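The annotation domain 'V-ATPase proteolipid subunit C-like' is assigned in TrEMBL to 87-148. Look at TrEMBL and you will find 90-111, 123-151 tagged as transmembrane segment.
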Amino acid sequence: MFASTKLASSALRVSVTQQSRRMLSTPRGAAPLRSSIARQPIARNGLIQSNGHNAFVTHSLRNTAQSRGITAETTTGAIVMAAKLQGAGLATVGLAGAGVGIGAVFAALIIGVSRNPSMRGQLFQYAIMGFAFAEAQGLFAMMITFLMLYAY
(Lines of atoms letter the chains of each structure in order from A and count residues from 1; the text may use other names and numbers.)
(Lines give C-alpha, C1' and ligand atoms only; values in the text may rest on other atoms or scores of the structure.)
Protein backbone atom coordinates (compact mmCIF):
# COMPACT_ATOMS: atom_id res chain seq x y z
CA MET A 1 0.00 0.00 0.00
CA PHE A 2 2.81 2.40 0.92
CA ALA A 3 4.69 1.61 -2.29
CA SER A 4 1.62 2.28 -4.45
CA THR A 5 0.96 5.58 -2.66
CA LYS A 6 4.59 6.63 -3.12
CA LEU A 7 4.47 5.66 -6.80
CA ALA A 8 1.24 7.58 -7.36
CA SER A 9 2.57 10.70 -5.64
CA SER A 10 5.81 10.63 -7.64
CA ALA A 11 3.88 10.16 -10.90
CA LEU A 12 1.63 13.09 -10.02
CA ARG A 13 4.65 15.24 -9.16
CA VAL A 14 6.30 14.42 -12.50
CA SER A 15 3.15 15.24 -14.50
CA VAL A 16 2.60 18.55 -12.69
CA THR A 17 6.26 19.50 -13.20
CA GLN A 18 6.07 18.69 -16.91
CA GLN A 19 2.87 20.71 -17.30
CA SER A 20 4.37 23.72 -15.52
CA ARG A 21 7.53 23.54 -17.67
CA ARG A 22 5.39 23.32 -20.77
CA MET A 23 3.38 26.36 -19.69
CA LEU A 24 6.51 28.37 -18.86
CA SER A 25 8.43 27.43 -22.00
CA THR A 26 5.64 28.10 -24.50
CA PRO A 27 6.51 31.26 -26.47
CA ARG A 28 3.72 33.76 -26.78
CA GLY A 29 3.66 36.59 -29.25
CA ALA A 30 2.17 39.98 -28.50
CA ALA A 31 -1.52 39.92 -29.33
CA PRO A 32 -3.01 42.98 -30.99
CA LEU A 33 -5.17 45.05 -28.65
CA ARG A 34 -8.74 45.16 -29.83
CA SER A 35 -11.24 47.75 -28.69
CA SER A 36 -13.60 45.10 -27.26
CA ILE A 37 -10.81 43.83 -25.01
CA ALA A 38 -9.86 47.35 -23.93
CA ARG A 39 -13.39 48.10 -22.70
CA GLN A 40 -13.58 45.06 -20.43
CA PRO A 41 -12.87 45.62 -16.72
CA ILE A 42 -9.45 44.52 -15.53
CA ALA A 43 -9.63 41.29 -13.53
CA ARG A 44 -7.65 41.12 -10.30
CA ASN A 45 -5.35 38.13 -10.21
CA GLY A 46 -4.05 36.43 -7.10
CA LEU A 47 -3.53 32.98 -5.67
CA ILE A 48 -7.22 32.16 -5.95
CA GLN A 49 -8.21 34.31 -8.90
CA SER A 50 -5.90 33.47 -11.76
CA ASN A 51 -6.25 33.27 -15.50
CA GLY A 52 -4.50 29.89 -15.61
CA HIS A 53 -6.61 26.78 -15.38
CA ASN A 54 -5.91 24.35 -12.58
CA ALA A 55 -7.20 20.83 -13.04
CA PHE A 56 -7.22 20.16 -9.31
CA VAL A 57 -9.47 23.08 -8.31
CA THR A 58 -13.10 22.76 -9.33
CA HIS A 59 -15.07 25.75 -10.53
CA SER A 60 -17.48 25.60 -7.58
CA LEU A 61 -14.58 25.65 -5.11
CA ARG A 62 -12.95 28.54 -6.95
CA ASN A 63 -16.22 30.52 -7.04
CA THR A 64 -16.82 29.89 -3.34
CA ALA A 65 -13.34 31.09 -2.44
CA GLN A 66 -13.62 34.12 -4.72
CA SER A 67 -16.93 35.22 -3.21
CA ARG A 68 -15.14 36.00 0.06
CA GLY A 69 -13.38 38.95 -1.55
CA ILE A 70 -9.78 38.24 -0.55
CA THR A 71 -7.75 39.13 -3.61
CA ALA A 72 -4.26 40.35 -4.37
CA GLU A 73 -2.73 41.82 -7.48
CA THR A 74 0.37 39.60 -7.58
CA THR A 75 1.61 36.38 -6.07
CA THR A 76 3.93 38.37 -3.82
CA GLY A 77 1.01 40.47 -2.64
CA ALA A 78 -0.99 37.33 -1.91
CA ILE A 79 1.88 35.87 0.12
CA VAL A 80 2.26 39.11 2.08
CA MET A 81 -1.49 39.19 2.75
CA ALA A 82 -1.43 35.58 3.94
CA ALA A 83 1.49 36.38 6.25
CA LYS A 84 -0.40 39.39 7.64
CA LEU A 85 -3.49 37.34 8.37
CA GLN A 86 -1.49 34.52 9.92
CA GLY A 87 0.53 36.91 12.09
CA ALA A 88 -2.58 38.74 13.23
CA GLY A 89 -4.21 35.44 14.13
CA LEU A 90 -1.18 34.42 16.16
CA ALA A 91 -1.09 37.82 17.88
CA THR A 92 -4.63 37.29 19.13
CA VAL A 93 -3.31 34.40 21.23
CA GLY A 94 -2.13 37.16 23.59
CA LEU A 95 -5.77 38.03 24.24
CA ALA A 96 -6.35 34.49 25.47
CA GLY A 97 -3.29 34.85 27.69
CA ALA A 98 -4.78 38.00 29.19
CA GLY A 99 -8.00 36.16 29.98
CA VAL A 100 -6.11 33.33 31.67
CA GLY A 101 -4.03 35.85 33.61
CA ILE A 102 -7.08 37.73 34.89
CA GLY A 103 -8.69 34.47 35.96
CA ALA A 104 -5.53 33.41 37.79
CA VAL A 105 -5.28 36.77 39.60
CA PHE A 106 -8.82 36.65 40.93
CA ALA A 107 -8.53 32.95 41.79
CA ALA A 108 -5.48 33.81 43.89
CA LEU A 109 -7.45 36.67 45.50
CA ILE A 110 -10.29 34.34 46.50
CA ILE A 111 -7.86 31.75 47.89
CA GLY A 112 -5.91 34.41 49.81
CA VAL A 113 -9.01 36.01 51.32
CA SER A 114 -10.39 32.62 52.31
CA ARG A 115 -7.13 31.80 54.14
CA ASN A 116 -6.70 35.17 55.83
CA PRO A 117 -9.83 37.40 55.77
CA SER A 118 -8.10 40.22 57.66
CA MET A 119 -5.74 40.84 54.69
CA ARG A 120 -8.66 41.46 52.32
CA GLY A 121 -7.87 45.14 51.62
CA GLN A 122 -4.20 44.60 50.85
CA LEU A 123 -4.87 41.49 48.73
CA PHE A 124 -7.55 43.35 46.79
CA GLN A 125 -5.06 46.11 45.92
CA TYR A 126 -2.60 43.50 44.66
CA ALA A 127 -5.38 41.83 42.69
CA ILE A 128 -6.28 45.12 40.99
CA MET A 129 -2.60 45.62 40.08
CA GLY A 130 -2.42 42.08 38.65
CA PHE A 131 -5.65 42.68 36.73
CA ALA A 132 -4.20 45.89 35.26
CA PHE A 133 -0.99 44.16 34.15
CA ALA A 134 -2.88 41.25 32.57
CA GLU A 135 -5.28 43.62 30.83
CA ALA A 136 -2.36 45.70 29.54
CA GLN A 137 -0.88 42.56 28.00
CA GLY A 138 -4.18 41.85 26.25
CA LEU A 139 -4.49 45.41 24.96
CA PHE A 140 -0.90 45.28 23.71
CA ALA A 141 -1.64 42.05 21.84
CA MET A 142 -4.76 43.60 20.32
CA MET A 143 -2.78 46.70 19.29
CA ILE A 144 -0.16 44.51 17.58
CA THR A 145 -2.94 42.60 15.81
CA PHE A 146 -4.50 45.77 14.41
CA LEU A 147 -1.11 47.17 13.44
CA MET A 148 -0.34 44.01 11.48
CA LEU A 149 -3.69 44.07 9.71
CA TYR A 150 -4.12 47.74 8.89
CA ALA A 151 -0.83 49.66 9.25
CA TYR A 152 1.59 47.47 7.29
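Placed from the backbone N, Cα and C atoms, the Cβ positions cover glycine too.
No curator has checked TrEMBL annotations; they are predicted automatically.
Across the domain 'V-ATPase proteolipid subunit C-like' (87-148), the DSSP tally of helix, strand and coil residues reads 60 helix, 0 strand, 2 coil. Taken as a whole, the domain 'V-ATPase proteolipid subunit C-like' (87-148) shows an average pLDDT of 92 in this prediction.
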